[in-house]
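Encoded as structure tokens, the structure appears first; notes follow it.
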Amino acid sequence: MSAKERGDQNAVVDALRSIQPAVFIPASVVIVAMIVVSVVYSSVAENAFVRLNSAITGGVGWWYILVATGFVVFALYCGISRIGTIRLGRDDELPEFSFWAWLAMLFSAGMGIGLVFYGVAEPLSHYLRPPRSRGVPALTDAAANQAMALTVFHWGLHAWAIYVVVGLGMAYMTYRRGRPLSVRWLLEPVVGRGRVEGALGHAVDVIAIVGTLFGVATSLGFGITQIASGLEYLGWIRVDNWWMVGMIAAITATATASVVSGVSKGLKWLSNINMALAAALALFVLLLGPTLFLLQSWVQNLGGYVQSLPQFMLRTAPFSHDGWLGDWTIFYWGWWISWAPFVGMFIARISRGRTIREFIGAVLLVPTVIASLWFTIFGDSALLRQRNNGDMLVNGAVDTNTSLFRLLDGLPIGAITSVLAVLVIVFFFVTSSDSGSLVIDILSAGGELDPPKLTRVYWAVLEGVAAAVLLLIGGAGSLTALRTAAIATALPFSIVMVVACYAMTKAFHFDLAATPRLLHVTVPDVVAAGNRRRHDISATLSGLIAVRDVDSGTYIVHPDTGALTVTAPPDPLDDHVFESDRHVTRRNTTSSR
């Protein structure tokens with residue numbers, strides 16, 4: 001046997017050893033089965049999933065609205081309170097990636113492709129058909145202002161707060177408490193290690209894998225449709241099935257090469273290029289379009305978003321039956337929740353060494369501001385053009401696939417900006433595909449941070465094959481059915497996320513209670529504070545001392561020396577640490593007091 005053959009054999013053995021059969025096999029079977037059903041019975045599957053989605057929207061849409069707002073409150077609480085001082089790693093650990101590289105990767109994976117796909121189409125849609133419950137006439141200036149506020153609302157704090165819940169919890173459990181990087185471990189502080197390692201944990205990871213792969217595959221399919229429609233609109237190609245297959249194959253091959261090279265190489269490199277191209281495209285439109293109008297609109301859109309947020313965030317419109325809320329807000333909240341395992345886990349993977357406050361500030365606030373700027377540049381440009389020229393609609397409707405290219409075609413050097421737009425779409429899809437493949441691979445390997453390359457290739461290729469088969473054989477109906485199925489996974493996963501918020505709160509409070517802080521005090525101060533039964537003094541040495549917040553009933557003050565005897569709070573994780581090369585072990589932060 002040659003060295004190459006032995007190497008290939010070893011790679012296969014390593015891949016088989018790395019997978020977790022209780023997760024890998026059921027997830028693969030469910031994915032393949034649903035693809036087959038969606039292709040063979042495309043119309044039946046589409047109707048069935050549409051009815052399922054209607055039932056979810058009508059029956060539990062209020063739940064999506066409630067929990068999405070709750071996640072915003074949870075994220076802000078963690079960022080503003082003392083919880084924000086906790087580091088996602090050892091107390092002295094530095095971030096793994098630079099701030100800008102980190103921001104580029106999380107933004108590209110999070111919703112970059114959606115910004116390109118809906119940057120023009122969504123504001124136009126709200127302008128053309130605003131929600132009846134708001135009472136704003138269509139095609140008016142008031143409708144334009146409301147359209148931008150609604151668009152930023154759908155892509156702002158609520159979307160990223162959903163990602164924060166999963167990403168923050170997984171980063172904390174992995175880099176601070178030594179758990180595998182897997183969704184199931186979010187529940188350990190509540191359900192215990194035994195259930196997490198059992199059937200419940202397997203089911204959570206399978207749901208996460210299925211939702212992630214279907215979400216990425218359907219996005220790839222719809223994205224290819226947008227690229228093809230745009231190129232055909234510009235008169236550059238005549239689209240047929242071979243063009244579709246070729247584009248999917250090229251994107252899948254690039255994504256596979258990137259995911260094999262790892263996060264610190266391919267993914268980081270592509271994300272940086274992607275953000276540079278996206279920034280160049282936005283700058284082109286800003287400078288070549290109505291610049292002053294767009295800058296004024298951006299400030300107004302931010303103000304409109306802040307002003308309308310209290311009205312939008314808990315609005316269920318029970319007296320309105322136009323279906324707008326289900327088609328837009330509830331759809332988006334379900335879509336973001338279904339993507340939360342993928343995006344949240346990927347953000348966790350690249351956030352080692354950040355503090356919780358830094359994590360939330362960057363993940364929650366920065367993308368919201370960037371999204372508002374992006375939608376202002378493209379959305380307000382389209383609204384102004386439609387208001388003045390009336391040429392952004394096709395037969396009185398918004399064409400999502402060609403609306404971006406229609407806008408660019410009306411600007412100077414439209415051909416150049418259109419080429420740039422195609423490149424941005426392609427790179428956004430590549431970064432979404434390779435990060436999605438990496439996340440799925442980590443989940444199927446039981447949380448191993450660096451799974452074998454062979455399994456990474458398996459998931460990346462499966463995403464591309466799923467998109468190609470669904471698009472070419474089943475058509476748009478199959479893609480819609482599978483996207484609806486992905487959104488349906490949001491209902492059970494939203495319950496997992498609510499439990500995770502409670503579990504993480506318990507773990508964070510223990511961490512604060514068990515981690516020492518340093519203050520400079522004198523002996524008289526300590527004795528006096530001890531006599532007054534203050535909460536924050538735990539030693540009697542003059543100089544720098546270790547202190548922590550404790551409840552008044554958990555310590556005893558010696559009447560003569562002021563020394564404290566403190567009872568340690570119970571650890572919701574039972575202080576179990578995994579000693580493994582694959583996972584990050586938490587440094588023991590407790591000390592004698």
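Cβ coordinates are placed from backbone N, Cα and C, and glycine is handled just like the others.
Residues annotated as transmembrane segment in Swiss-Prot, with sequence analysis given as evidence: 21-41 (among others).
The transmembrane segment annotation in Swiss-Prot covers 60-80 (among others). Distant neighbours of the transmembrane segment (60-80): 157-158, 161-162, 164-165, 168, 313-316, 325-326, 329-330, 333-334, 336-337, 356-357, 360-361, 364, 490-491, 494, 497-498, 501, 505, 508; these residues of the same chain sit at least 6 beyond its ends, with a Cβ under 8 Å from one of its Cβ atoms.
What Swiss-Prot lists as transmembrane segment is 97-117 (among others).
For the transmembrane segment (148-168), the list of distant contacts is 68-69, 71-72, 74-75, 78, 88, 110-111, 114-115, 118, 122-123, 126, 131, 183, 186, 297, 301-302, 304-305, 307-309, 312-313, 328-329, 332-333, 336-337, 339-341, 343-348, 351, 356, 359-360, 363-365, 367-368, 371-372, 375-376, 379-380, 383, 497, 500-501, 504: same-chain residues at least six beyond its ends, Cβ to Cβ under 8 Å. The transmembrane segment annotation in Swiss-Prot covers 148-168 (among others).
Positions annotated as transmembrane segment by Swiss-Prot, on the basis of sequence analysis: 204-224 (among others). For the transmembrane segment (204-224), the list of distant contacts is 20, 23, 26-27, 30-31, 34, 113-114, 117, 182-184, 187, 244, 247-248, 251, 335, 338-339, 341-342, 345, 425, 428-429, 432-433, 436-437, 439-440, 443-444, 459, 462-464, 466-467, 470-471, 479, 482-483, 485-486, 489-490, 492-493, 496: same-chain residues at least six beyond its ends, Cβ to Cβ under 8 Å.
Swiss-Prot lists 243-263 (among others) with the feature transmembrane segment. Long-range contacts of the transmembrane segment (243-263) within its own chain (CB-CB distance under 8 A, at least 6 residues past either end) are made by residues 105, 220-221, 224, 227-228, 237, 269-270, 349-350, 426, 429-431, 433-435, 437-438, 441, 450, 453, 456-457, 460-461, 463-464, 467-468, 471-472.
Per Swiss-Prot, the feature transmembrane segment maps to 275-295 (among others); the stated evidence is sequence analysis.
Taken from Swiss-Prot, the feature transmembrane segment covers 328-348 (among others), and the record attributes it to sequence analysis.
Residues or ranges marked as transmembrane segment in Swiss-Prot (evidence: sequence analysis): 359-379 (among others).
Outside the transmembrane segment (410-430) by six or more residues, the chain places 108, 112-113, 116-117, 219-220, 223, 226-227, 230-231, 234, 251, 254-255, 258, 270, 273-274, 277-278, 280-281, 284-285, 288-289, 385, 389, 391, 404 with a CB less than 8 A from a CB of the stretch. Residues or ranges marked as transmembrane segment in Swiss-Prot (evidence: sequence analysis): 410-430 (among others).
For the transmembrane segment (457-477), same-chain residues at least 6 beyond its ends with a Cβ under 8 Å from one of its own Cβ atoms are 15, 28, 31, 35, 38-39, 42-43, 45-46, 213-214, 216-218, 220-221, 224-225, 241, 244-245, 248-249, 251-252, 255-256, 259-260, 433-434, 436-437, 440-441, 444. Annotation comment: Swiss-Prot describes 457-477 (among others) as transmembrane segment.
Beyond its flanks by at least six residues, the transmembrane segment (485-505) meets 34, 38, 49, 52-53, 56, 60, 63-64, 67, 70-71, 74, 162, 165-166, 168-169, 172, 183, 186-191, 204, 207-208, 210-211, 214-215, 218, 331, 333-335, 337-338, 340-341, 572 of its own chain at Cβ-Cβ distances under 8 Å. The feature transmembrane segment is assigned by Swiss-Prot to 485-505 (among others).
Listed as Cβ neighbours of the transmembrane segment (275-295) (distance under 8 Å, sequence separation of 6 or more from its ends, same chain) are residues 103-104, 107-108, 112, 115-116, 373-374, 376-378, 380-381, 384, 407-408, 411-413, 416-417, 420-421, 423-424, 427-428. Proximity of distant same-chain residues to the transmembrane segment (359-379), defined by a Cβ-Cβ separation under 8 Å and at least 6 residues beyond the stretch ends, is recorded for 75-76, 78-79, 84, 88, 99, 102-103, 106-107, 110-111, 115, 119-120, 122-124, 147-148, 151-152, 155-157, 160-161, 163-164, 167-168, 171, 278, 282, 285-286, 289, 294, 297-298, 301-302, 305, 347, 351, 404, 407.
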